[in-house]
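According to Swiss-Prot:
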type	residues	note
BINDING	G40, Q41, T42, G43, S44, G45, K46, T47	ATP binding site
DOMAIN	3-258	domain 'ABC transporter'
Amino acid sequence: MKIKAKNIVKIYDQKLPSELKALDKVTTEINQGEFIAIIGQTGSGKTTFIQHMNALLLPDQGEVEYLYFDSKNQEKKLVVQKPRFFRKKLKFINEIRRRVGVVFQFAEYQLFEQTIEKDIIFGAVSMGTPKNEAKKIAAEIIELVGLDQSFLQKSPFELSGGQKRRVAIAGILAMDPDIIFFDEPTAGLDPQGTLKMLEILDTLYKKGKTIILATHDLDSVLEWTKRCIFFKDGRIIYDGDTYSILANNKFLIENKMLPTNLLNFREKLIKIGYPISNVRSVSELISEINMLIQKETNAD
């Protein structure tokens, strides 16, 4: 599946000044097989954007276009516009939500008051999977998200915050979406929990899922994603290579995007193939990255 957002505008309160838009003419594309980071401070528009991609919200202006292949391998296109233009197509919202999954930051609100197994089975059955097959799927998926079989018989109230997020991911996976958005999946987790969560997302990406990770934590995403969409005040102010953004010192400082752990950040860059020397400050690190990017550009 491919998603195209075209000049999306969202205003929650029409009485507010016109410049106070939750989303302001947002245009971008999400292609099949990408692993993207959506970065921005709290209130920048990340979550509102995600809700539009999943048709939980409909735009006040602009449109969202979905391109996908149906069960007969025929290419389909669905365009979501302002509600009054979209009423005749509301029946297709379920098709969008089947193909575009979302795991929100407060995952407990996506879980039912029943066993984890029943929760996962419900997602599979809702998509037409026979119940006996759905039970097998639940057993496979629970291990995919890093939990053992014993968790299937537990209730959400017995789980930690990180475990609830993993179970929420399992419930979405049971519906087998093409694209999965994760809204602040590492928020509130300790370093070990953060690493495990990112490893799960990377595993899903390698299995062919399109993964979009929304976060305000730059350190969490640099090792895992190559494309970054940066939101500020409801607008996209950067959409491109994750590491190229580091070449602009002024941009990083103005948007409070500096990495918090210089040593850890340097090690991540080396791991993905950037030969960074023993820099002593963020400014030196940015300067060296700038030279490397320029060298690669000249080589191309």
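Even glycines carry a Cβ here, placed using N, Cα and C.
Small disclaimer: the values here were computed from a predicted structure and weren't measured.
In the structure as shown, the Cβ atom of T47 (ATP binding site) sits within 10 Å of 23 other Cβ atoms. Considering only the binding-site residues Q41, T42, S44, the Cβ with the fewest other Cβ atoms within 10 Å is that of T42. For G40 (ATP binding site), the count of additional Cβ atoms within 10 Å of its Cβ stands at 25 [all protein chains shown]. Those residues of the chain, other than G40, Q41, T42, G43, S44, G45, K46, T47, with a C-beta within 8 angstroms of the mean position of the ATP site C-beta atoms are H216, F231. Per-site Cβ counts within 10 Å over the binding-site residues G43, G45 peak at G45. In the three-state DSSP scheme, G43 (ATP binding site) falls into the coil class.
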